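The structure appears right after this line, and notes come after that.
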Amino acid sequence: MLYLLYEVIQNSEAGRVLNFLRYPTFRIIAAGVFALLLGMLIGPKLIARLRLKQHGQSNVREDTPDSHQKKKGTPTMGGALILLCIAAGTLLFADLKSRAVWVMLLLTLGYGFIGFLDDWLKLSKRNSKGLAGRKKMVLQTFFFLVAVFGLLTTWTLPDGSFGPTLLINTKLTLPFIPTRWFNPDLGWFYVFFAWIVVVGTSNAVNLTDGLDGLAIVPTIVSAITFAVLCYVAGTTLSIADYEVVGGASKLVATPLYQYLGILQVPGGAELAVFCAAIVGAGISFLWFNTYPASVFMGDIGSLALGGALGGLAMLSKNEVVSAIIHGIFFAEILSVMIQVTSFKMTGKRVFKMAPVHHHFELKGMAEPKIIVRFWIVSILCGGVALLSLKLR
């Protein structure tokens, strides 16, 4: 919004004063700081209201370790605070002409709506398991397809007819492998592959949100990682490099994305603004969600954040790399898949309880220790993902 205002008045005296708004780096930092301050400002009032509205509700699932019963009475649906701060920071500082920004907002808020329905059913019908899994999957698929529709445009065939095409690149990039070596094009099959990434990530974050602060810090780390990846893939910055021309070395300016051997992402800098808003909103929520938590994010937060991270993986062309970035989330959902498959096939359980963080709880590990160790692993995963930029 502020960027559009700057474009309108850029040739005036006021426009020269607001010249800093044209720099993505400023708007990235500003979006994060604004989302953080907004969350810290309205967080206490929102939590107090949630506690009042949910008085007498347990908000603790029955299929969790007995130690979780002490968390009864802690309000849920705190993810509404995260979504509000993300939307405000993005709308205020991103370039709203970018279609990618609107697609990410739609995907995030759409998945947040699904989470809201799930939380509301659990609260309104005590001991309810919320929205049925099949209905949840249908709604997740619906909002994903709406996002894909937002990325469609038309092109003209040689015979003059029109056909749809995706605005995003349908080629895949692999970590540690330059695109010039291996860069398969999935064509329209890419839509199905992206669906697995987006819906899978959303559900993985949802499964991870079982301990105080466990899901939000890996989300923050992932958002920071994606901010870097989006910025370098979308920036117009170039790097001095040598090129051999006619047997002689010549100094040339090589675009940063080309130098790093990754795909270009048009509008990547604006996606970085969105990432920064997630970081700011996440830090403000962590202030209230750290052990012992004053509020839980609920499905309204976990499904939305997972959808956002999956969407960023898709739009930044890091679908495969996201398996590294989301290492903790991937491990959590994988543990559930292993547990279910093992029990159905052999009648035996691999873990004491799934997702895997409950396994460590039942082994006697203290909740804060599990949380911090998972945070450390998440940071390492983000570092490895960024390292893959250079090792190509």
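Note that Cβ sites are derived from N, Cα and C of the backbone, with glycine treated the same way.
Taken from Swiss-Prot, the feature transmembrane segment covers 28-48 (among others), and the record attributes it to sequence analysis.
Sequence annotations record features per position, and here Swiss-Prot assigns transmembrane segment to 76-96 (among others) based on sequence analysis.
Among the features that Swiss-Prot reports, transmembrane segment is placed at 101-121 (among others). Within the chain carrying the transmembrane segment (101-121), a Cβ under 8 angstroms from the stretch's Cβ atoms is held by residues 76-77, 79-80, 83, 86-87, 90-91, 94-95, 128, 130-131, 136, 139-140, 143-144, 146-147, 150-151, 198, 202, 206, 267, 270-271, 273-274, 298-308, 310-312, 315, all 6 or more beyond its ends.
Annotation source Swiss-Prot lists transmembrane segment at 137-157 (among others), citing sequence analysis.
Here Swiss-Prot flags 181-201 (among others) as transmembrane segment, drawing on sequence analysis.
The annotation transmembrane segment is assigned in Swiss-Prot to 213-233 (among others).
Annotation source Swiss-Prot lists transmembrane segment at 268-288 (among others), citing sequence analysis.
Residues annotated as transmembrane segment in Swiss-Prot, with sequence analysis given as evidence: 295-315 (among others).
Residues 172-175, 197, 200-201, 203-205, 207-208, 218, 222, 225-226, 229, 306, 309-310, 313, 349-351, 354-357, 359, 374, 377-378, 380-382, 384-385, 388 of the same chain lie 6 or more positions beyond the ends of the transmembrane segment (320-340) yet place their CB under 8 Å from a CB of it. Annotation source Swiss-Prot lists transmembrane segment at 320-340 (among others).
For 369-389 (among others), the entry in Swiss-Prot reads transmembrane segment.
For the transmembrane segment (181-201), the partner stretch with the highest count of Cβ pairs under 8 angstroms, out of 76-96, 213-233, 268-288, 295-315, 369-389, is 295-315. Listed stretches 28-48, 268-288, 295-315, 369-389 were compared with the transmembrane segment (213-233); the greatest number of C-beta pairs under 8 angstroms is found for 268-288. Most Cβ pairs under 8 Å to the transmembrane segment (28-48), among the stretches 76-96, 295-315, 369-389, belong to 76-96. Most Cβ pairs under 8 Å with the transmembrane segment (268-288) belong to 76-96, among the candidate stretches 76-96, 295-315, 369-389.
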